[in-house]
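According to TrEMBL, the protein has these features:
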type: ACT_SITE; residues: LYS42; note: active site, proton acceptor
type: MOD_RES; residues: LYS42; note: N6-(pyridoxal phosphate)lysine
type: BINDING; residues: ARG142, MET321; note: substrate binding site
type: DOMAIN; residues: 252-376; note: domain 'Alanine racemase C-terminal'
type: ACT_SITE; residues: TYR273; note: active site, proton acceptor
Amino acid sequence: MVASVVINQYAPTARINLAALRHNFNQVRLHAPASRVYSVIKANAYGHDLETVAAVLAANKTDGFAVARLDEALRLRHAGIAQPILVLEGANDGEDVTVAYQHHLTLVVHQTEQFDLIEHSTTPSHYAPLNVWLKVDTGMHRLGLATAQVPELLDRLNRHRDRACLCGLLTHLANADDPDDPLTARQCADLTALSVNAARDLSHPLPLCIGNSAGILRHPAARTNWVRPGIMLYGGSPLLNETAAQWQLQPVMTLTARLIARHELKRGDAVGYGGEFHCPEDMPVGVVAIGYGDGYPRHAPTGTPVLINNQRVQLIGRVSMDMITIDLRQQPNAKIGDSVVLWGAGLPVEEVAGWVGSSNYELLTRLAPRVQLNYDSSSAVNN
Ligand SMILES: Cc1ncc(COP(=O)(O)O)c(C=O)c1O
C-alpha cells in the first residue's frame, strides 16, 4: 500500500524566504565586489535545502558552490547544477578521485596523501585535469598543509598538469568572528606571502581563497580572488556581538509551529517533565507543537523568547520531544491554532542561540527532517 502524503497544518514549518536569500547574496557582492563567490551550501544549505538554495543562487549568478563532502556535490550535479563545485574536505580514496573526475568537481587538497591519490589515479586519461585548491593551515590547525609543504606540492602539481590544474591557495579563518583578534590579519598575510613566493617560480601570483562571512564583512584582506560565504547567505550574523540586521542581512528561515492547547493553571502548579517551572500565580499556559524531535534545542531554558501573534512571550519548563510550553500571561487571548515563531523574522536566531549556549549555525543545521519546508519567493523582506 502506498502511503499518501498528508499536509499537516499543525506540523512545524520552516518558511524559507527566497527573496531574502537573493538579498543576502547581493550583500556578499556589495562587500566583496572584486571577488568570485563560492556559495557555501553544505549541511543541506545550513538546513534550508541544498537543491532549492543552489537553484536560487545559480540563477543569481554565484560563481560556484562549496560543500563539505562528495555526496553533497553529487546531489548538486544530479540536480543539474553546472557551476564549479568545491569539495572542502577533498577526496578520501581513489574512488572519490574517480567520481571527482567524472563529475568535474573541484577538490581541496589539504594533505599530501590526497595528491598521491590524484597522482596514482587511473582515471585521468579520459577526463579534463582536476581543478584543485591547495589548502594551507595558517592557524586553524584543523585541515591544511603546513606552509613548508607547499613548495613541494606546487612542484608536483607542475609535473602533473595533465592530471590536475591548480586553482590557487586556500585557507580557513579561525577567529574572524572576533574583529579584534589579531590572528585573522596574520592568517591573511601568511597566505598572501606564500602566493608571492610561489609567484617568483611561476611568474604569476597564485589566486587566493580566504573570506568566510565574517572575513568578507570585517576583514578587507580576506576579500580575496575567491570568497566562501556561508552563514551570511542565510541571514545569520557571523560576528560576535553584532546583529545580522546591522549588516543589512535578512533572515531566510522563519521556524513556526502552532499552539495546540492552552490551560488556566493555578499558582504553584508544576509544568512539564521534571516539574521545573512552578506557576508563580494563576496563569494561562500554552502548548506549542514543536520540540527537540524537530530540532528545537532541548536545552532552551525557561525565559527563551518565542513570538505569538508577533508578540514576545517566554518558554517555560523543559522542552519535550514534540512540544514546548509557553507563558501566556502577556498574550491571554492567544488561541489554539495561533502561529508561534521560534526564530527568524522578528526573532533573530542568534538571540535564541544565546539563550541555549549554542550558535546560529547549529540551530539552523539541526532542523529535523519532519519539519516542513515552505518556500516563499515573493515575501517582503523584513528583519
Ligand atoms: C572551509 C569553510 N569555508 C567557508 C565556510 C563558511 O563559513 P561561514 O558560514 O562562517 O561564512 C565554512 C563553514 O563552516 C568552512 O568550513
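Heads up, the Cβ atoms here are built off N, Cα and C, so glycines get one too.
Because the structure is a prediction, the values reported are computed rather than measured.
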Counts by DSSP class (helix H/G/I, strand E/B, coil) across the domain 'Alanine racemase C-terminal' (252-376): 20 helix, 49 strand, 56 coil
Rounded to the nearest Å - Cα separation of TYR273 (active site, proton acceptor) and LYS42 (active site, proton acceptor): 35
Distant-in-sequence Cβ neighbours of LYS42 (active site, proton acceptor), under 8 Å, six or more positions away: ALA66, VAL67, ALA68, ARG69, GLU72, LEU88, GLY230
